[in-house]
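Features reported for this protein in Swiss-Prot:
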BINDING   Gly112, Thr113, His114, Gly115, Lys116, Thr117, Thr118  ATP binding site
Amino acid sequence: MYGNIEKIHFVGIGGIGMSGIAEVLLNLGYQVSGSDLRESDTTERLRSLGGEICIGHAAENLTNVDVVVTSTAVQSDNPEVIEAKHRMVPVIPRAEMLAELMRMKYGIAIAGTHGKTTTTSMVATVLTHAGIDPTIVIGGKLNTLGSNAKLGQGKFLVAEADESDGSFLTLSPTIAVVTNIDADHLDYYTGGLEQIKDTFVSFINKVPFYGLAVLCQEDRNINEIIPRIKKRFMTYGLSSQADLRATHVKLDGFQTTFTAHYKGYRLGEISFNMPGAHNVLNALACTAVALELDVPFDKIQEGFAQFGGVGRRFTVKGEKNGIMVVDDYGHHPAEIRATLGAARNGWPERRLVVAFQPHRYSRTKELFNEFVTCFYDADVLVLTDIYAASEQPIPGVSAERLAEETRRHGQRDVTYIADRNDLPDYLAGIVKEGDIVITLGAGNIWQAGEALVKRL
């Protein structure tokens, strides 16, 4: 970065999006400090890398800092934000700092309402295996890396582009991937789905004339915006109309296999260890990026064979007494359908016991009708109270009402357990040999899964 920027402070440094950028900056030699509300594996890792980490937000945490970085979860009344403005220290959003990192490299930005983290992780794995050695910033922990970030020596930076507040428009990627477009974050996108589509068009058209947009042809909303795309693009999907196509899809437990074809030519078979038809599309997006960078197909195949998954994406927490406990980040109705569909297709004979923690009052309200019909692949459904994520309750919006409505819409076995801490004992009392238990949600529901494993 130009000038005398030496020390960078992150408010909410323990967040998955913030910590990755902080780690890359530490590895680049910058002084990094930050604060978070609680200790975690992430804060411990950053501290071990040389970061100055404070627990709790306070004005005195800002010691000789040159810039303050905030996430979307940080409010304007945060004491560190107030102090920074008082000292006339620049306060910038996380995406602006990511854009600065991307400016130093050729950026590969993976965007979309769903599938960003998995696709970014696949791209990072395949390109690393191919010797491209990209810098990596992911919204989840890549299992083979043990982290969500890495400073590479190559020319490319692979990053997840978060559309939740429109700030991904600060990025200027050379390659832009859009996995899908769906209604979400409607507290920000008050214009609804049409505003979301407009924003994605703007994002895609930021690609330079020599770059590429990689677009999923299976997504109706992407198909609707294709006539507005002004840059070179490649489509992928299951249709014969897609530039990059998958056929002969096989889903067997955790193993997913398909045959890839590019513009009518058979490339060969790709196989990886992550279940679900939706991950075939994520793998195609990754393959498209690799082909654009002239990675030989055999290297692409080898990279997928090494893919070890990503944290909180159909992650097995343990298996005891014939009961498998899985955790997944899915918190949008489309993601829930995809995850439960993956479990149903991969293990068709096993009973699925699903514990779901809704994430945010605003999302639960805006997508309520979709939520009540997205759990049909679950044999047993348990709902617990909404994870607020700093939001205030909305009258009439509750997990208890969601449980009532899912039951009214045909879900046969639905139970509401108000306190998440009561879930492990409840689940331990109802599960039996052969069950698959899936904890779902973007909050702290994963803790219930870990506690359940200890009780089995």
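Cβ coordinates come from backbone N, Cα and C, glycine included.
Note that the structure is a prediction, hence the values are computed from the model and not measured.
This view paints the features noted in Swiss-Prot onto the structure.
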| residue | record | Cβ neighbours (10 Å) |
| --- | --- | --- |
| Gly112 | ATP binding site | 24 |
| Thr113 | ATP binding site | 22 |
| His114 | ATP binding site | 21 |
| Gly115 | ATP binding site | 25 |
| Lys116 | ATP binding site | 25 |
| Thr117 | ATP binding site | 23 |
| Thr118 | ATP binding site | 30 |
Around the recorded ATP site (Gly112, Thr113, His114, Gly115, Lys116, Thr117, Thr118), other residues with Cβ within 8 Å of the Cβ centre, ordered by sequence, are Ile110, Thr119, Thr179, Asn180, Asn282
Once DSSP output is merged into helix, strand and coil, Gly112 (ATP binding site) belongs to coil
Per DSSP (helix/strand/coil reduction), Thr118 (ATP binding site) sits in helix
